[in-house]
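Enquirer: A single structure is presented below for examination.
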């Protein structure tokens, strides 16, 4: 529909509403019945509200049409480059901050130019290059509960929500009615008269509910305006996985009155109908009000115990005859009640505090200046009357805190469907196992990581059990998974019932080439779908991954032939079965496989029964994969829309067309290159590392005059993480030229690097390697204290028996590592340590050695005795200069990680240690992810709740930008001594991250607000630091205008604070909960098999500088 037709359509809707208002006004004048007048007044009110909404849409359409017809070139979005191409990402080894090759830290061009007084930094050398850079749009400040309230001003979002909800409710009610009709026929056949009458009554009620739902759906469809906007993102709020978990607790509900409902018709001489309300929780009746003829209830409180439920349903009935008639319905999600109460609690705390959101500060509220000469902390002292330095104090203006004045209740009129409203008072008390105090203090939190589920392999799919907290649709049979567990492929996200996954015989496209599959795996029905974009305004599900499609045009595709719908990113995963349902396709394939097996001998049949007949590479981890470029080939793996089922003759004909080919043997088809572990050739790996150390130095490393002098190489081979990774994955030299060598390295130089490795390996085969100087083991150390504990194990302070040097040793149980499938994660942590060791980065914790015993593995790390920043911020508030100093050093550490393809993913105060000379060291590399360059993505759900970026919570692919979000939370905590997103449990924190806007003291310096606003941008592509220049964007911000980066890197800036200890073994800067524990290794009873011990071969390591 073009612009003129759309405007004409909206105009007709407006005229229709005006005609309805005129007719309602005439009716009101012609009657004296107060009930009729009340109903007519409600219709007029709703009509005027609808006209205001439609007129607003009309203005939007007219304005957009004027821009399209008369827009100048400058009005349009400009591409990043003049030729329209995307900006070129920097090479992986591009490090302008450290080398004299491009720009020094102290170079004037690398620092922020003085004079930019606005919120947006002017002239930053690494800012967004576009003249009209995208700016995050203001987020509407409403909740899902606001949308179902009667007087909600957000009519547009409400229409979208109700279109989806009503269509789903209608489809469920139709299924329910079909089931009841079968019961009626069954009871009729059995002659059970009483049961038949009961079922017949339920069938009548279901029919009445269907009519109500159709009436409500039509009302919203008449109001909906389909405005196609390329700029508007799709609304994915209804299809958010892993977010809305079923809740347990106590629901307090009070029903006061109903108004403006269409009462059931009654005879002329009878009294009015009796009205009552039934409350259901997950289809089970939990409460019922008394019957009334006044539409009011005086004392109807209900306390309802909720046990892992998602939704409550309120249905208003009129009883004027033998059977009650439903006249109005309302559905309320329990999680929406809990979210509304959380927001009300926060609002009550902040109302009198003087803290505001960033957008309000930009309208003249914030004029604070970040004065370099000001006293540290001059603008962020705690409010008067508070004790300075306490863990709960904040910025000037009065920090929010303390308990609210009374219990938080939700009292409002809610809209009934299709007409009317109901007055409710609601509250919900969640039952929590580990309730956090709802205050502003900072406390330690452990990181969470997605558990690796048991993998069920079927036809190349790696199915894992997944608990879904929203309505899903099975890709095989097409039925719903309602808040239930299902099976989902970890690679292609194919989703189905638990009972359906054994029936899946179509292949996983992420692991195969359809064209090379054996003929017996295919059927002759290969008709591709014709997918085209469409505006999704109702409840449609993806036929592959099963999620509800988002509202809008960007992500929704529909087949113009068979009506199948899916996500745009799932279209290449849908098989070419247009016109055939997935159940029929799988039935045909099963028949073909049975015929093939019948024609083969018993021995061959038994040999192939459990195999996936496809060549494939080494198995990949089901989680946390770098984004895969799926081959653009059709795949069997999605359900078809309900279509005609092929007849038995058609299935027989398809079976008969199959001719068993003279295929090669199973062993040839199943040939997989053997996987070589890193431990099979330790001498080769060490030799390769030695060659790499001498031959793979980048020009920046060779030409940097400011680099600290490195110690001369030792006689034994130097360990290089790139070579370690290359040999562990057994990459051949041809592939290593593409993957192992640094990005942007000339091909000739890469070949020269490979050749010495091969020569060195040959030499090592002939000449026995020299004995290492010292083989470090457990008997070299005395354990003195426990420094920390976690689900990983312990970190203990130890001293060497010979030199009395102190080290921090991280101890992990092998049994725990194997049970939790963390072997590869442990090896990855070691590789990240080697990356930090490579340049002895000043702000990263270094590794001195690794060793192992029969039951444990040990990381021997440098000991940092100053404690972590969490301890110090709890002892006293950081001033502005101190927070800026720590933030600058953390930024350089993240910059180094990102330049080496590592994202950190667990940035928090607990993981930042303070040395005795006042500088920081980032520790704990357990959640780091390697091979994450610009544009690379992964999807593992992990991190510390308060620091997790929105894209992680939304189960989306994410990249390096998650570190910059966490960096923003870190700066906020250091400046304001509280978290920007908080709640009583993890779910509330996640809700806050996705919905709340961070609040700031009214006099907070503008540059501080600006950097937090840009780092805490929910759209990752718009976040500061998300571009190809990465950390340089953040370094160029006005918040760091007075920072000389070269001086920071070389520790020439005097630190603002120096921790103190009474002796080298003083552990007073660590939590007494841990240091009071006796430092002993608890006995391990289990014995690991030889195969389990093999998993840790090659783990031992000693650094050159140790």
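Counting begins at 1 with the first residue displayed.
Glycine residues also receive a Cβ, built from the backbone N, Cα and C atoms like all the rest.
From Swiss-Prot, for reference:
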DOMAIN    1-67  domain 'REM-1 1'
COMPBIAS  79-93  compositional bias 'Pro residues'
DOMAIN    232-350  domain 'C2'
COMPBIAS  361-370  compositional bias 'Basic and acidic residues'
COMPBIAS  386-400  compositional bias 'Gly residues'
ZN_FING   460-508  zinc finger
ZN_FING   528-578  zinc finger
COMPBIAS  600-609  compositional bias 'Polar residues'
COMPBIAS  658-668  compositional bias 'Polar residues'
COMPBIAS  683-693  compositional bias 'Low complexity'
ACT_SITE  906  active site, proton acceptor
MOD_RES   1082  phosphothreonine
MOD_RES   1100  phosphoserine
MOD_RES   1101  phosphotyrosine
Enquirer: Tell me the Cα distance separating residue 1101 (phosphotyrosine) from the residue listed as 'active site, proton acceptor', rounded to the nearest angstrom.
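Expert: Just about 25 Å between their Cα atoms.
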Enquirer: Report the same-chain neighbours of the residue listed as 'phosphoserine': residues 6+ apart in sequence with Cβ closer than 8 Å to its Cβ, ordered by sequence.
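Expert: The answer is 775, 776, 849, 850, 851, 852.
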Enquirer: Would you kindly give the Cα-Cα distance separating the residue listed as 'phosphotyrosine' and the residue listed as 'phosphothreonine', rounded to the nearest Å?
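Expert: Rounded to the nearest whole number, the Cα-Cα distance is 24 Å.
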Enquirer: Measure the Cβ-based neighbour count of residue 906 (active site, proton acceptor), defined as the other Cβ atoms within 10 Å of its Cβ.
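Expert: By my count, 23.
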Enquirer: Measure from the Cβ of residue 1101 (phosphotyrosine) and count the other Cβ atoms within 10 Å, all protein chains considered.
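Expert: A 10 Å sphere around the Cβ of residue 1101 (phosphotyrosine) contains 20 other Cβ atoms.
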Enquirer: Tell me, what is the mean pLDDT of the domain 'C2' (232-350)?
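Expert: Mean model confidence (pLDDT) across the domain 'C2' (232-350) is 83.
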Enquirer: Counting every protein chain present, what is the number of Cβ atoms, excluding its own, within 10 Å of the Cβ of the residue listed as 'phosphothreonine'?
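Expert: Taking every protein chain into account, the count is 7.
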